[in-house]
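Novice: My structure is below; once you've seen it, I'll send some questions.
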Amino acid sequence: SVGFKAGVKDYKLTYYTPDYETKDTDILAAFRVTPQPGVPPEEAGAAVAVESSTGTWTTVWTDGLTSLDRYKGRCYHIEPVAGEETQFIAYVAYPLDLFEEGSVXNMFTSIVGNVFGFKALRALRLEDLRIPVAYVKTFQGPPHAIQVERDKLNKYGRPLLGCTIKPKLGLSAKNYGRAVYECLRGGLDFTKDDENVNSQPFMRWRDRFLFCAEAIYKAQAETGEIKGHYLNATAGTCEEMIKRAVFARELGVPIVMHDYLTGGFTANTSLAHYCRDNGLLLHIHRAMHAVIDRQKNHGIHFRVLAKALRMSGGDHIHSGTVVGKLEGEREITLGFVDLLRDDFIEKDRSRGIYFTQDWVSLPGVLPVASGGIHVWHMPALTEIFGDDSVLQFGGGTLGHPWXKAPGAVAXRVALEACVQARNEGRDLAREGNEIIREASKWSPELAAACEVWKEIKFEFEAMDTL
């Protein structure tokens, strides 16, 4: 029929297309949808597709001026969720033309924009995204890559060790630098600014950068190893952030840091570009992620935030510990850890991976395990994360009864013992405690650490189960 037909029509007539063959260039999304009572799955799934792509709530005259078939999002498959009567997974395909090249901000504004406030839905969670190769290639991604980082640091065949300086707020710059020096001298590879250390009245950023650089060079001279401190460049404006990164580069330090969710993807991508151009490694902290990813039925799963970070750029990202004080179910965590590190990841629903993802030549990101871990966790961490990871012991280093440097020694000895045992073919999962006990016989620092944290366990059920 010719002409324009006004009025509201069912979304599913246009946007639910179960026979659609997805294209290699489509961005694919898996949403966990909880519709309001009485809204059928096809209609709810189609509603998600329309509201996150071309449509609005009614037909409009200007629809006739465009090719809807070319630009519309399509809900192409719906599957039930085991054990959840009210939820289902809706798969939506978006044509690549809907997205600006090289912009995570634009991708998210479309896919997880207004649609999350949609009345016909009780709750909505983005579980996974398949980023097509054609779109991946429009991003620079991480400034360096895992191999490049190892070459810069001259550290091979083991995880890297870090430590967040505590108390996180209140130290003067000089005392802060002293804590950095003690940890690095004792055997850590990195120390870290806490995510909320920016430039507060008690310690302005420039003073901190200076004293930390002094600590790094002093520790390097003493140990003969390359050291680093994640200088947090996060700031109130992008210009100020870049100014801090420039100062770090002038000091000659190896690495800076950014809070990518609070700082925002636009700022993060700018910083990642600066870091690649100037040879700085970039450590990424995920402060605020739990606001977005912790609820099972609403929000965005962390694996999507991790993919977005790999596109935006970062060399390290915090990704949970599986064993410490923060959320993380083992299989799910390993799923997004591999998404960060590997070039190609097969679809595997047992690990929460809904789509096969090919990253082509985008560099990988080192996962950082941090939060409530100590020397007794070392065998499990080495086993779970493997060599390509950063293990961060904040309280687990600084809380050592003989203070920071011995705390660092204990952590390094435990790590080297675990790596050696693994290389000799021992089973870390089964013999972990035994390996640590043996090592502590010839390291008084480790023995003292083992004594303090004998039986600490954080026993809660993880909320993020499949």
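Cβ atoms are placed via backbone N, Cα and C, with glycine included.
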Novice: Of the candidates SER53, SER370, SER389, SER440, which does Swiss-Prot annotate as part of the substrate site that also includes ASN114, THR164, LYS168, ARG286, HIS318?
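Specialist: The one candidate that Swiss-Prot places in that substrate site: SER370.
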Novice: Near HIS318 (substrate binding site), which recorded positions out of LYS5, LYS166, LYS192, HIS285 have their CA within 10 Å?
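Specialist: For HIS318 (substrate binding site), the recorded positions whose Cα atoms are within 10 Å come to HIS285.
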Novice: Can you figure out which of LYS5, LYS192, ASP194, GLU195 (the recorded positions) comes closest in space to LYS168 (substrate binding site), comparing Cα atoms?
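Specialist: Nearest in space to LYS168 (substrate binding site), counting only the recorded positions, is ASP194.
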Novice: Using DSSP with the three-state reduction, classify HIS318 (substrate binding site) as helix, strand or coil.
Specialist: strand
Novice: Which of the three DSSP-derived classes (helix, strand, coil) applies to SER370 (substrate binding site)?
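Specialist: Strand, per DSSP.
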Novice: Can you tell me which of the recorded positions LYS5, ASN114, LYS166, HIS285, SER370 is spatially closest to GLU195 (Mg(2+) binding site)? Compare CA atoms only.
Specialist: HIS285
Novice: Using a 10 Å cut-off on CB atoms, tell me which of the binding-site residues LYS168, ARG286 is the least crowded.
Specialist: LYS168
